Amino acid sequence: MPTITLPDGSQRSFDHVVSVADVALSIGAGLAKATVAGKVDGKLVDACDLIENDASLQIITPKDQEGLEIIRHSCAHLVGHAVKQLYPTAKMVIGPVIDDGFYYDIAYERPFTPDDMAAIEQRMQQLIEKDYDVIKKVTPRAEVIEVFTARHEDYKLRLVEDMPNEQAMGLYYHEEYVDMCRGPHVPNTRFLKSFKLTKLSGAYWRGDAKNEQLQRVYGTAWADKKQLAAYIQRIEEAEKRDHRKIGKRLGLFHTQEEAPGMVFWHPQGWTLYQVLEQYMRKVQRENGYLEIKTPQVVDRSLWEKSGHWANYADNMFTTESESRDYAIKPMNCPCHVQVFNQGLKSYRELPMRLAEFGACHRNEPSGALHGIMRVRGFTQDDAHIFCTEDQMQAESAAFIKLTLDVYADFGFKDIELKLSTRPEKRVGSDELWERAETALASALDSAGLPYDLQPGEGAFYGPKIEFSLKDCLGRVWQCGTLQLDFNLPIRLSAEYVSEDNSRKNPVMLHRAILGSFERFIGILIEHYEGAFPAWLAPTQAVIMNITDKQADFALEVEKTLAESGFRAKSDLRNEKIGFKIREHTLLKVPYLLVIGDREVEMQTVAVRTREGADLGSMPVAQFAEFLAQAVSRRGRQDTE
């Protein structure tokens with residue numbers, strides 16, 4: 001009979017087979033009531049599952065991340081229960097867990113409306129109040145097919161067909177509703193009280209636009225009402241910071257249907273873009289990078305050699321001219337190898353760091369496009385380092401330091417790092433992989449940085465480091481990448497002459513810091529809610545006259561600041577000064593300079609901030625010095 005070992009090392013012996021729920025009850029009634037599921041010998045199981053042999057057991061409650069994900073998964077099933085009661089002809093598809101929530105894809109004769117979503121949520125609440133048990137039945141394959149055939153659940157039957165080797169499957173019963181799942185799920189609907197449906201969207205069966213369209217119902221679920229309220233508050237704050245709304249309000253950019261996934265940059269937005277580009281160009285130049293420019297449209301033959309034509313063709317825009325096939329480049333790496341290959345290199349010329357602000361295009365699904373965060377046309381701060389194996393660690397360490405310095409300049413100090421190591425299918429010897437992984441790990445260790453190890457998650461051609469930054473709302477954005485590549489230099493015949501006069505393939509380090517300018521600008525807009533630090537602000541100062549008598553001096557101030565390298569403009573409109581101040585405050589201009597008769601007489605400007613602080617009057621030269629100091633701090637003033 002089983003002896004159960006608990007996480008604290010204590011043991012409990014039973015003279016009969018027990019379920020996870022039985023063990024929880026033997027510890028205490030409170031724990032039994034809170035039990036969502038169990039983890040037996042490291043495997044998640046339902047609370048009703050039996051333990052027949054000696055095992056380790058962790059009781060899973062809503063306080064555990066696994067418990068929260070189980071609650072969310074069960075809420076997806078609850079969506080199915082409610083939908084089938086309200087819309088009996090609907091056919092259920094899949095309902096997985098996602099970050100902070102869940103969704104369910106549903107086939108129905110018409111699109112769901114916000115009123116439908118409200119009705120589904122209300123019915124879910126009514127079902128939760130019934131406090132019913134969720135019943136699990138491990139069911140033979142033939143019987144599963146009978147169950148879903150009788151219910152006309154065509155998509156469930158297709159999913160069964162996808163699992164030809166599964167002879168028994170878990171069916172979970174919510175009263176009259178039944179769903180199929182590996183589980184585990186909550187034992188009772190009382191765990192599902194803290195949920196909310198959040199949005200509706202379209203989707204496609206198996207994610208393929210060629211297949212039938214489905215309705216997707218999104219929701220979130222939490223362990224308690226307090227967590228749910230905090231999440232809703234974060235979402236409301238995120239909606240206030242939506243880069244699409246702020247971008248329109250501040251006149252930064254727009255998108256339109258005639259060019260899906262492409263950005264129309266307006267003067268203010270393009271100024272911001274250029275500030276980023278000029279900053280990154282300076283950073284790269286100071287760190288030994290050589291800037292290059294490569295073609296946008298490249299013959300199919302190069303993409304075949306690189307492997308992109310075979311593995312990435314669906315994401316590439318292609319064209320034809322004079323009986324030749326071309327692709328608009330989706331990435332820059334093959335072209336950078338062509339630059340490296342011009343003239344045989346010596347080991348003395350390595351490392352060679354080639355950088356490009358490379359415009360790329362990828363045929364992303366239209367449903368996945370999102371403002372400037374997910375686009376089809378974008379520019380990467382892309383670079384490739386060609387080096388020897390002995391140089392991998394030093395180059396990696398230098399890049400890590402550079403990346404963190406850049407993020408700090410933009411105001412991001414909370415950075416998460418992940419090291420992904422060799423997958424089962426890979427190219428290159430184990431010895432080379434060992435050296436590469438050790439190089440990346442040592443580079444991270446030498447920087448004193450904690451990181452998450454992700455075994456088996458590397459690309460087939462080399463290990464990688466991912467850099468993710470946290471914004472002011474605690475959201476995590478994966479931006480930077482350092483990817484070692486043993487494969488592409490071989491495929492594209494990149495070689496150098498080594499110290500012993502033999503020819504060797506260099507190691508290629510793919511690296512990006514911002515990722516893409518478009519997405520990074522979107523992150524900045526939402527992080528700062530459009531109130532950029534002075535060094536990034538498209539307009540750093542606006543000069544406003546009170547009456548026409550001060551117009552000439554206002555123009556002089558604008559000229560002086562512009563000649564000092566600042567982005568300043570005058571507002572000489574015949575409007576009340578309060579109106580002008582309010583308008584430019586809403587446009588998030590960092591500094592508002594007011595000029596009246598006294599300022600003309602004293603040759604000064606009255607300085608206000610967009611936050612409403614009155615900095616008093618000062619000579620123009622003094623303000624220029626003040627602004628220069630603010631610009632020099634970049635985004636660090638709020639983080640140090």
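Cβ atoms here come from the backbone N, Cα and C positions, even for glycine.
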Review point. Say Swiss-Prot lists His384, His510 as binding Zn(2+): which of Cys75, Cys181, Cys333 is in the same site, per that record?
Key: Cys333
Point to revise | Proximal but sequence-remote residues of the same chain as His510 (Zn(2+) binding site) (Cβ under 8 Å, at least 6 apart) | key: Cys333, Asp382, His384, Thr481, Leu482, Gln483, Asp485
Study note, to complete from the structure: Mean pLDDT across the region 'Catalytic' (242-533) comes out at 94
Point to revise | Packing count at His384 (Zn(2+) binding site) (other Cβ atoms within 10 Å of its Cβ) | key: 27
Check your understanding: Within 8 Å of the centroid of the Cβ atoms of Cys333, His384, His510, which other residues of that chain place their own Cβ, given that this set defines the recorded Zn(2+) site?
Key -> Met331, Asn332, His336, Val337, Asp382, Ala383, Gln483, Asp485, Leu488, Met508, Leu509, Arg511
Review point. Under the DSSP assignment, what numbers of helix, strand and coil residues are found in the domain 'TGS' (1-61)?
Key: 14 helix, 24 strand, 23 coil
